[in-house]
Amino acid sequence: MWGLLLALAAFAPAVGPALGAPRNSVLGLAQPGTTKVPGSTPALHSSPAQPPAETANGTSEQHVRIRVIKKKKVIMKKRKKLTLTRPTPLVTAGPLVTPTPAGTLDPAEKQETGCPPLGLESLRVSDSRLEASSSQSFGLGPHRGRLNIQSGLEDGDLYDGAWCAEEQDADPWFQVDAGHPTRFSGVITQGRNSVWRYDWVTSYKVQFSNDSRTWWGSRNHSSGMDAVFPANSDPETPVLNLLPEPQVARFIRLLPQTWLQGGAPCLRAEILACPVSDPNDLFLEAPASGSSDPLDFQHHNYKAMRKLMKQVQEQCPNITRIYSIGKSYQGLKLYVMEMSDKPGEHELGEPEVRYVAGMHGNEALGRELLLLLMQFLCHEFLRGNPRVTRLLSEMRIHLLPSMNPDGYEIAYHRGSELVGWAEGRWNNQSIDLNHNFADLNTPLWEAQDDGKVPHIVPNHHLPLPTYYTLPNATVAPETRAVIKWMKRIPFVLSANLHGGELVVSYPFDMTRTPWAARELTPTPDDAVFRWLSTVYAGSNLAMQDTSRRPCHSQDFSVHGNIINGADWHTVPGSMNDFSYLHTNCFEVTVELSCDKFPHENELPQEWENNKDALLTYLEQVRMGIAGVVRDKDTELGIADAVIAVDGINHDVTTAWGGDYWRLLTPGDYMVTASAEGYHSVTRNCRVTFEEGPFPCNFVLTKTPKQRLRELLAAGAKVPPDLRRRLERLRGQKD
């Protein structure tokens, strides 16, 4: 859907010739006058934003670039140049405040900006605490004025991408109630997220109040005049303005002064604020809940991540192993933490499970959750936690916290609130890794339409297309590394951790109807995938909060916070679909939070939201049947034997030791084990709600032809009884 949305942006209405239009959006600035705010103190002077640097003809040009995604190729196109016309010079009420654009602060400097976000983006601030002077519609109300909120495909519905004041509103304002006295230190703004329109504020003032009736403004140190803060020059880039002096108040207002000509005063915002102690405040909210686990709750760049993983390995050397599956385009290693009672060894009958995070580098919560999970498992194992001990003794857990470390480093440098919605999403080749796996859906569906599945074309372990294996194929090194990893280890269960929504999506991710934007496209194992998705969603505290509002433009709670991926938006080349069709592994996508890159003060609560879900999901690998397929004569396991379940058109295969795991929901199943050179065997296997997979072992007997091949290959003579049997089978007499 993102590709469709971005492509449609090319057909958006042309932007007017001038930026920075004030108040009623008429070219030039109105004379300074009185700002009448209901219940406010009198007379605040308007101040125009400082005009941009002039070119030779008296105008300033800004090049806006948008990303157009066509199929799998990422193409960068230049939009039409936008001309900034210098407004008529007027005496301002005070000097313009210098903005702090995204990306200008190093991580260490970011800590000095003072306060963390109040919680507009993370939804910690409820809709009832957001107000405005006016709104164009309900879908453009103040509850939509949250940093990084995304609109739906259509404007004018209930889910538009900003707060927008009415055109007739002469003195627009957007107000946030912190709930109690708070130290405000800064403001971050964006324009309107829309496929069809360009709207953003170019300058604004800030006011404060303790009772929402008496207001005072933020002032410059040098002049003592009201400060005018320069805002945005495009819809998406977050712009941070630190206040000249932090202010303690309960309410904060943003008053747009100028905005894009031809547009409307529209903005999305986040407020930087610190709580303050006030013994007279009788309505103090309960402190934000966190976690009592002794874990490292902060964001980790590549160097810090390596250091943390090494510390965990040194603390728990008997249950951990760190290994690399390859390198990113920039040469950063893709590190995996393996956790098991026998790390580095595949034990017969012990399933392999994995979590993958950071496929999109700017979706940072999954990365931190996996780093927290490995710390937690180590800590609890040392404490003798029986649940953790059982997990580590019954399965091998593989944690890949950063599949796209290059993208993450870009996002980390920008900072959690300034990275925006998409920067750092792609790898350094501008490849979206979740569209980069081989499309195996199309050849499977074409073969099904021709009646070739499963007799001619298998319904599992589909081979890579020839084009995908060519040296010049557009396949990211990160993708190649993960595919090799999938082939090397017999994974059974996986989850791909993303961010930006609160929902669990399951395969298929790609619609069966070509070019359909969305369409319900279930797999043959739809019941299993729905179960897995429901287990995670039902164990996630945030997803189960019935009082929470939707993140952006869809309310997934009406479906239990799960959805078929293709019925949400089509994703050709997804890792989920590839994992299901190329390996034995069942994988879902978990969208962990409305905020892709939450501030680190949100991490303790996000850990509590997901801790039980992460553990419970891993335990689902016990659901279904498991066993070993052995050779009757040698009693050795048979590798690559096929396990077929009657009524489910998708098979799995045995690992190199002959062991297998087949995820199934409770019920009775007729299961067939077959292997080349062996007679097939079918038996009934019952799956119940009891813990642990139902043991369903098979012993296969070689066919006479296979026995003959093996004898001849060994140079032995064919026994008379076998020779006579073969001749009888051929219809010949001795």
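Placement of Cβ uses the backbone N, Cα and C atoms for every residue, glycine included.
Recorded disulfide link (Swiss-Prot): C274 to C115, out of the candidates C115, C551, C585, C594. When H460, H461, H498 are compared with the Zn(2+) site residues H360, E363 in Swiss-Prot, the one appearing in that site is H498. Close to N318 (N-linked glycosylation site) in the fold, though at least 6 residues off in sequence, lie D341, P343, each with a CB less than 8 Å from its CB.
Neighbours of H498 (Zn(2+) binding site) among the recorded positions N210, N220, N472, E591, defined as a Cα within 10 Å of its Cα, are E591. Most Cβ neighbours within 10 Å among the binding-site residues H360, H498: this distinction goes to H360. Comparing C115 (disulfide bond) with H360 (Zn(2+) binding site), their Cα atoms are 27 Å apart once rounded. Take the Cα of C274 (disulfide bond) and measure to each of the recorded positions N210, N220, H360, E363, N472: the nearest one is N210. Same-chain residues that are not part of H360, E363, H498 yet have a Cβ within 8 Å of the Cβ center of the Zn(2+) site turn out to be G358, M359, G361, N362, G366, R425, L497, G499, G500, K596.
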